[in-house]
């Protein structure tokens, strides 16, 4: 079966009138109920393995390398193979697959990264996966069938990410921290343009070739300019806050209350909410890290882990993999 041209989360005007009415009716109750799943999972991943610093060191690489698998299952495979099981069990099967795959891929990632931390490598692979999935609208792999296209996307993004890392970081041409910051900043703009704004304004360009070139150039340019605002560690932490904020606002709460407005005021309000939440998280999480005793040199790293690896993963698992189980409405 061929995969559709793009994930629903990024498709323009993806909500049918019935789905739009459902989101307006069920939110914010649906989003708040889901926090019962999201917050404990995020809390465990952020600090459950012996404290914040230890959790970032132990769980960070496994979760980071699991993120491309989550993207493949959620946005390419449409929850297969878990979808073969009954509701509830499907999310569990997919999560176990993600955990096992993340562990195996983290070992492979450590081999590629050598003595350095593998997190920049993982971030690069995940960002390339999102660029292919969201910005490139899964072209040219969408016609290869759901399972084959997902596997090809994962393998291709892994190969591209590994080659880029070896050429730029392992060679000494680019510091690993700067490499990771650029990819995380790029990921933040992917989320803003293709999840918060659902591809607007690029989705209005009719010719696919022009649309894809324009979108890729714009997103890469915005990510590159964003790297100039601060030193790499801080850029990464701020970008992680943006990613987590977009996922909370646009996936967890389905852009409520902006979803009650028309397209232009709705998009504007959604961006304002994302910005306020991102600023709040960027201020609050470093304070929490210092109170928890995280060494000052590791604060930005833990903030990135807590927001990008823990909170963002928890939201994607809950909404896109578990389908908001056990409570949909």
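Glycine is treated like the rest: Cβ placed from N, Cα and C.
For 32-50, 56-77, 89-109, 115-135, 147-167, 179-197, 209-231, 237-256, 268-289, 301-322, the entry in TrEMBL reads transmembrane segment.
Of the recorded ranges 32-50, 56-77, 147-167, 209-231, 268-289, the transmembrane segment (237-256) has the largest number of C-beta contacts under 8 angstroms with 268-289.
Remote same-chain partners of the transmembrane segment (147-167), defined as residues 6 or more beyond its termini with a Cβ less than 8 Å from a stretch Cβ, comprise 3, 68-69, 72-73, 76-77, 80, 105, 112-113, 120-121, 124-125, 128-129, 132-133, 138, 141, 173, 179. Proximity of the transmembrane segment (209-231) to the transmembrane segment (268-289) is not established, fewer than 3 Cβ-Cβ distances being under 8 Å for residue pairs spaced 6 or more apart. Counting only same-chain residues 6+ beyond the ends of the transmembrane segment (89-109), those with a CB under 8 A from a CB of the stretch are 61-66, 68-70, 73, 79, 81-83, 118, 121-122, 158, 317, 321-323, 325.
Same-chain residues lying 6 or more positions outside the transmembrane segment (179-197) and placing a CB less than 8 Å from one of its CB atoms are 9-10, 119-120, 123-124, 126-127, 130-131, 134-135, 165, 168-169, 215, 218-220, 222-224, 226-227, 232-233, 235-236, 238-240, 242-243, 246-247, 249-251, 255, 267, 270-271, 274, 304, 308.
Residues 56, 58-59, 63, 252, 292, 302, 305-306, 309-311, 313-315, 317-319, 322, 324, 327 of the same chain, all 6+ positions outside the transmembrane segment (32-50), place their C-beta atoms under 8 angstroms from a C-beta of that stretch.
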